[in-house]
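Trainee: This is the structure, below, for whatever I ask next.
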Amino acid sequence: MNFNINILGTGGTRPLHNRYLTSVLIEYHGESILFDCGEATQMSLRKQKISWQKIKMICITHLHADHITGLLGIVMLMAQSGDTRKEPLTIIGPIGIKKYLETNIELLRVHKNYQIIYKEIIINKTEPVLYEDKRKRIEYIKLKHSIDCIGYLFIEKDKPGKFDIQKAESLNIPKGPIRKKLQEGYEVMLNGRKIVPSEILGETKKGLKFAYITDTAYFEELSTYIQNFNLVIIESTFKDDLKEEAKKKLHLTAKLAAQITKKAKVYQTGLIHFSERYTLNKDLYELLNEAQQEYPNGNIFLAKDGMKLKANKDKFIIK
């Protein structure tokens, strides 16, 4: 299955020597989508030997420095790699993302030899579906933070079941375009008879659903957007002893993150966006323990810089 999730960074506020700022990249059928782009994101790409030229889209959650200061570097990197980039780069984010980037491009006289397409989200006005093709769609949800902040949902479409050649031959369906249309899930007319895909296809395979959620305070409706998702990467900035600080700063504790995914019956939960105060493994495992106590059957894990998750049937395997 051609679906990988790469953890480029897991920290909040500022990068540490062993923990870059929160950023996640999806590799899906030969193209990549980057979620957030803090300082040193391009270093993570280099370390993990991920091609920045395959990045088709960059989705920014909000305009705080730890989520956007690496964006200009990525744009410059793509421009300085010769004329190898042919496709435009789509950048999605809240109002202001275009002004932020274009101002920096102008001031630094960056020569970019490819097109940037901006899609600025007006929360509660922009349609939820941001992008869609035959394999997937990307949606946004409103989060609760000190400025406009967006969560992203990556939803793989259901796939038609296995093509039954014997049934196709028994129905005299010729090889070629007609079979292809049926395999893609479309009805066809053949000799005056309508043939539906279910006649020659096996059971439909459910697509995978992934969510990237940071930065946000707890709110009841959040779990409704991620019901039965296969994997949710969600911020877990603080331990429970700092729950009042989390509330004040509009962030989540690991325990609250687990409450959200438990309520949503999420299959796997990855904790991310850890406070810079947690420099020891002991601190991070205390975060993990608090989340696991809240949702014992939640398949909860700590996201780690350099981690790769590979899709395998209805779940993701940590490589």
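Cβ from N, Cα, C; glycine included.
Pulled these features from Swiss-Prot for this protein:
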type	residues	note
BINDING	His62, His64, His145, Asp215	Zn(2+) 1 binding site
BINDING	Asp66, His67, Asp215, His273	Zn(2+) 2 binding site
ACT_SITE	Asp66	active site, proton acceptor
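On this model, are these features tucked inside or out on the surface, and what's nearby?
Mentor: In three-state terms derived from DSSP, His62 (Zn(2+) 1 binding site) belongs to neither a helical nor a strand segment and is classed as coil.
Around Asp66 (Zn(2+) 2 binding site), the C-beta neighbours below 8 angstroms that are at least 6 residues distant in the chain are Gly11, Gly12, Thr13, Arg14, Leu21, Thr22, Gly38, Glu39.
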Trainee: Looking only at C-alpha atoms, tell me how far His273 (Zn(2+) 2 binding site) is from His62 (Zn(2+) 1 binding site), rounded to the nearest Å.
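Mentor: On Cα coordinates alone, these residues lie 14 Å apart.
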Trainee: Restricting to the same chain and to sequence separations of six or more, state which residues have a Cβ under 8 Å from that of His62 (Zn(2+) 1 binding site).
Mentor: Gly93, Pro94, Leu143, His145, Ile147, Asp148, Cys149, Ile150, Asp215
Trainee: Please report the DSSP secondary structure of His273 (Zn(2+) 2 binding site), reduced to three states.
Mentor: coil
Trainee: What kind of secondary structure is Asp215 (Zn(2+) 1 binding site) part of, going by DSSP in three states?
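Mentor: Where Asp215 (Zn(2+) 1 binding site) sits, the three-state DSSP reduction gives coil.
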